[in-house]
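Going by Swiss-Prot, these are the annotated features:
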- Ser63: active site, schiff-base intermediate with substrate (ACT_SITE)
- Ser63: pyruvic acid (Ser) (MOD_RES)
- His68: active site, proton acceptor (ACT_SITE)
- Cys83: active site, proton donor (ACT_SITE)
Amino acid sequence: MDTMGRHVISELWGCDFDKLNDMEFIEKTFVDAALKSGAEIREVAFHKFAPQGVSGVVIISESHLTIHSFPEHGYASIDVYTCGHLDPTIAADYIAEALGAQTRETIELPRGMGPIEIKQAKAL
């Protein structure tokens, strides 16, 4: 049985404070990342927190991309989940580079296959 989807979860450290705190920049980055991976965008929702931080989601026909940013720590958690033949690493790599991540820890989980098994773990 083929996997129903691939879920990339990344911990991004050493990111640029201003980028992590700029909702418009993050929204554009996530929309661009989805399009670069070949996804079809359905909905986009982002929220700016006070005094800082952004959370958001891009819903795609193939699943979703999400972020929670913590500029005061230079940190962002991102998820890119795709179903079908899309490669979620294309979007995740694009996002990490756009945010200026100095360190990145990533796991990729196959989805819809039964018990979770970590397929890969890598760090920048």
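Glycine too: its Cβ is placed from the backbone N, Cα and C atoms.
Known features from Swiss-Prot, placed on the structure.
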residue	record	DSSP (3 states)
Ser63	active site, schiff-base intermediate with substrate	strand
His68	active site, proton acceptor	strand
Cys83	active site, proton donor	strand
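Among the listed active-site residues, namely Ser63, His68, Cys83, the Cβ with the most fellow Cβ atoms inside 10 Å is that of Ser63. On a Cα basis, Cys83 (active site, proton donor) lies 6 Å away from Ser63 (active site, schiff-base intermediate with substrate).
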